[in-house]
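A.B. asks: Mind having a look at this structure? Questions to follow.
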Amino acid sequence: MRPSGRAPNELRPVSLERGVVKYAEGSCMVKFGDTRVLVTATLEERLPPWLKGQGRGWVTAEYGMLPRATHERVRREASAGKQSGRTVEIQRLIGRSLRTTVDLVALGERQITIDCDVIQADGGTRTASITGAWVALADCLQWMKARNMLKNDNVLRDNVAAISCGIYNGTPVLDLDYAEDSEAETDANFVMTGDGRLVEVQGTAERTPFSQEEFLQLMALAQNGIGRLVELQKIAMA
């Protein structure tokens, strides 16, 4: 029995609301149960120095948590003078995931920066960030299209979304909240495109090693869950 009472293959209530920030070219408020992330997409007419003159653009991401996004206040990383290894890992993951779905040549020599700010954390902040980041990116590209700023209409080649899975009390389950994640024997994150291809898989045995059969069960749960998330992304962008 899951603490929330959900079925093993049941997502938390998910909400993807785009266009929530007045000044950003693209934005999305994403909610996975009690996890909430505000995502913005900013268009910048500049590129990293190493990309200049190559005839293509770039999509990058930054990630952070508000001090009281968690049960106890967490010091702002800016006040500590450096980002944690976890923060760097997550924002690189978000950027990598988004770039797999973007035609960077069609984007042109400009950069889109995705900012993911966790307002409230109850498990799955990186997967929620990726799922909401795609909506914010699509919102930004729609803004650009309306202003005839794109070389063609196919800059965004596919959706990308992410979900967590794990083995909790011996049972493979979908979309772990904090109570489950902190007690799970195994936890994994899956990032997939809209057509079901894998972008990234992160899996860790916290207590007991897991079998290939259990991994395939987790992946099947993830495929099903991400399919539903992609449908919600499409609804958000309709």
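For all residues, glycine too, the Cβ spot is worked out from N, Cα and C.
What you see is a predicted model, and the numbers here were worked out from it, not measured in a lab.
Pulled the feature table from Swiss-Prot, pasting it below:
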BINDING   R86, G124, T125, R126  phosphate binding site
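Tell me what's around each of these sites.
C.D. replies: DSSP classifies G124 (phosphate binding site) as coil under the three-state reduction. Around G124 (phosphate binding site), the C-beta neighbours below 8 angstroms that are at least 6 residues distant in the chain are F32, T35, I163, S164, D175, L176, D177, D181.
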A.B. asks: Which of R86, R126 has the fewest nearby Cβ atoms, counting only those within 10 Å, among these binding-site residues?
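C.D. replies: Relative to the other binding-site residues in R86, R126, R86 has the fewest Cβ atoms within 10 Å.
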A.B. asks: In Å, how large is the greatest distance between any two Cα atoms among R86, G124, T125, R126, the listed binders of phosphate?
C.D. replies: 13
